[in-house]
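Encoded as structure tokens, the structure appears first; notes follow it.
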Amino acid sequence: MGALTIVAKYMIVAQIEVNGGVDKSDIIGALFSQTEGLLGKDMDLRELQMMGRIGRIEVDIQEKDGKTKAKIYIPSNLDRYETALVAALIESIERVGPYPATVKVLEIRDLREEKRKKIVERAKELIKMIEEEILPDTKEIIEKLKEDVAKAEVVEYGPEKLPAGPDVDKSDWIIVVEGRADVVNLVKHGYRNVIALEGISRGVPQTIIDLSKRKSITLFIDGDKGGEMVLKELMKVAHIDYVARAPPGKEVEQLTAKEIAKALRNKVTLEEWLAQQKAGAEKTEAAAPPPQQPTAPPAAPSQQPIAEVPQEIVKRLGDMQGTLEAELYDTNWSLIKRIAVRELPDELANSTDSIYAILMDGIVTQRIVDLAAKKGVKIIITARVGPLTKVPEDLKIVTFEQLQKLA
């Protein structure tokens, strides 16, 4: 196929079959002569070619057994409607010289689309070249610039002047981290709804406690024992919705954008976290040799509350398992309300009902214990018990397993 004489938008590709031996000039001549005047002067092939609306017609010919088969290529600078009309026009050819002939259009290529694909592929190559040739010093400058911008965006929040991102008030959920460097790193990577505890040696800041009452909290801890200590202290006084953790041995301030995104994507609810920690502890205890002086077992539930739990409630334990729901009862063991376990802290804090007992498929946390005690709850029947630092004497906590064994 020869070079094009115009900058074409489309390429008409057709196939012609002639019942006899002919050459290229015969086929091209038939195209011009047999289409002349069919669609008027404006669509005459010679006129279109003279005006540069179609390019040079190329023919790729093959002759076999006295018959001729050829591919016809017509570059077009017309719009798609006119190009389609020209394609249909050449299909009207019935003879080449003295021989019968048929023409069929095989395709109309969009040459601009092919150019676009080549441009995109070349752009990919150029981007790769740019990325490979950026000097390490340049990358360091960019990282330093990002960090400086992030530091400038860090604000002081609350009476304690805690380091925070600029969007703590705007966002419905916030990320709580340990220190200022953690805040700077998260802001640098686009997380602006972050605030720091600034250590827990002097207790959890009241600002964090207040925020936990009105916003969803994700605690993002370091991947070491220190992170676990922060979690234990915070869960005593504040409501934590989710826990995210840095990879083992890494601190939040050291994480890359990809590591931060992965850790936050893999966050779990506080209940799931505590269950995982308990399962890990039980596995470790099972693998370890018996201690010389075994620690005291968890206090056995009082027989008095066990005895007063109605059999209908005991029978409900099987139905409750796996629901992640909580049921609230009055002193007559009449059902007051059934809610999701995650809604229990808010219900205990705001409900005006007199609640005597709670049946819940979840983990009892110190926050739930504190709210239940304040509400006057006397019995909590639960699937699991998390780490507790203080339980009032008049509040009895019993697990499903204990109740089923003793009932």
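Each residue, glycine too, has its Cβ placed from N, Cα and C.
What Swiss-Prot says about this one:
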{"type": "DOMAIN", "residues": "172-248", "note": "domain 'Toprim'"}
{"type": "BINDING", "residues": "E178, D222", "note": "Mg(2+) 1 binding site"}
{"type": "BINDING", "residues": "D222, D224", "note": "Mg(2+) 2 binding site"}
{"type": "REGION", "residues": "279-304", "note": "region 'Disordered'"}
{"type": "COMPBIAS", "residues": "288-300", "note": "compositional bias 'Pro residues'"}
- Item | Pairwise CA distance, E178 (Mg(2+) 1 binding site) versus D224 (Mg(2+) 2 binding site), rounded so that it is a whole Å | 12
- Message: Highest Cβ count within 10 Å among the binding-site residues E178, D224: which residue is it?
- Response: E178
- Over the domain 'Toprim' (172-248), work out the mean pLDDT and round it to an integer. 88
